[in-house]
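Peer 1: Below are the features I grabbed from Swiss-Prot:
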BINDING   Ala3, Val4, His5, Phe6, Gly7, Ala8, Gly9, Asn10, Ile11, Gly12, Arg13, Gly14  NAD(+) binding site
Amino acid sequence: MKAVHFGAGNIGRGFVGLLLHQAGYELVFADVAEELISQLAAADSYDVHEVGDNPTVRTVDNFRALNSATQEADVVAEIATADVVTTAVGPHILKFVAPVIAKGIAARAAGLAPLQVMACENAINATDILRDEVAAQWDPAAGPLEAVAVFANTAVDRIVPNQEPGKGLDVTVETFYEWVIDRTPFGDNVPVIPGATFVDNLEPYIERKLFTVNTGHAAAAYFGFEAGLSKISEAMADQDVAADVRAVLDETKELLIHKHGFNREEQEAYVEKILGRFTNPHLPDTVNRVGRAPLRKLSRHERFIGPAAELAERGIVPEALLGAIAAALRFNDPADAEAAELAQIVASSTAAEATEKVTGLTPGHPLFAAVEALVEEVKAEVKA
């Protein structure tokens, strides 16, 4: 079995690549970072250090590495004979890897089983995004795309912080992970990935992860940044920050229980597990890293506005989520390009204009006025 994985960064090596290796796949990493690809190509193996209550070191070998920009033909050839293609590149980069994937699918010999494609990104239905981008590159004369490739959405969860300098290819990750995959597109030919969980209805798991892990993690970052703290574990050790994060997750918990029918005790236990992960002192994760890209995180269907809007539509005022949104609006990390752009939008627009532009909410939405009031507060603070 062979898997081609796009994105040889920390998540690619420390999560998706590791699980594919453990499943017995021959692994081909594809990336455009030349230094990283050169290091991988020259290495026989790398180690994944799982830190937490039961620390473990896992070694990954039997891999190759290719530069998908300068060695495109080689990547196409690998896809042409692969069983699985995965990505961990970021949702906005999927459109750039799609042309290579399309060429690889087109190069597959007749009679091969359909290529199994899964985007492992922090976005809802990321594989649908990738499928649409591949379809846009597909030549209809080659026949229907769905006859030669199967696209399945996934929900992925593992905290992989920025790595300390000088560690080379080794990656430090938390012990917890979750890779949930939609079983239905595969029919009787489900991929062999023992570390993954296959389900018939993925949406509840995607939203549970996004509205608990991603919402809570980012809330800890923004509240922690406001409190002048540097690490996520330090933020969660602060009683006020921890209480604010818990209040946010109490709101999303209620939404998830009522929307998807999760068992209350199981969902409460899930929240406790997630909060425990954020306090892991062995993960050197910073509020700046977790809080980066606030424009994306404040967008319409993301971790804050998404659940807050649904609660507002149900007649519930999401006070804690609004507090997190306010903290995100104040995230002014000078090293973050999106933070600078967010500040510029808030400063140069009316509160209503900024609310609509940043969040995608329309003025008639039941959440709009509350967010507009927060933007007005932030504008006043900047002027003061």
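Cβ from N, Cα, C; glycine included.
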Peer 1: Could you say which of the binding-site residues Ala3, Ile11 has its Cβ with the most other Cβ atoms inside 10 Å?
Peer 2: Ala3
Peer 1: Can you tell me the three-state DSSP label for His5 (NAD(+) binding site)?
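Peer 2: The three-state answer is strand.
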Peer 1: Give me the non-local Cβ neighbours of Arg13 (NAD(+) binding site): same chain, 6+ apart in sequence, Cβ-Cβ under 8 Å, ordered along the sequence.
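Peer 2: Once residues fewer than 6 apart are set aside, Arg13 (NAD(+) binding site) is near Phe29, Tyr46, Val48, Val60, Leu169, Val171.
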Peer 1: Counting other Cβ atoms within 10 Å of each Cβ, which of the binding-site residues Gly7, Gly9 scores lowest?
Peer 2: Gly9
Peer 1: Please list residues from the chain of His5 (NAD(+) binding site) whose Cβ is under 8 angstroms from its Cβ, counting only those at least six apart in sequence.
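Peer 2: Long-range Cβ contacts: Gly12, Val16, Gly17, Leu20, Leu27, Val28, Phe29, Ala30, Val85, Thr86, Thr87, Ala88.
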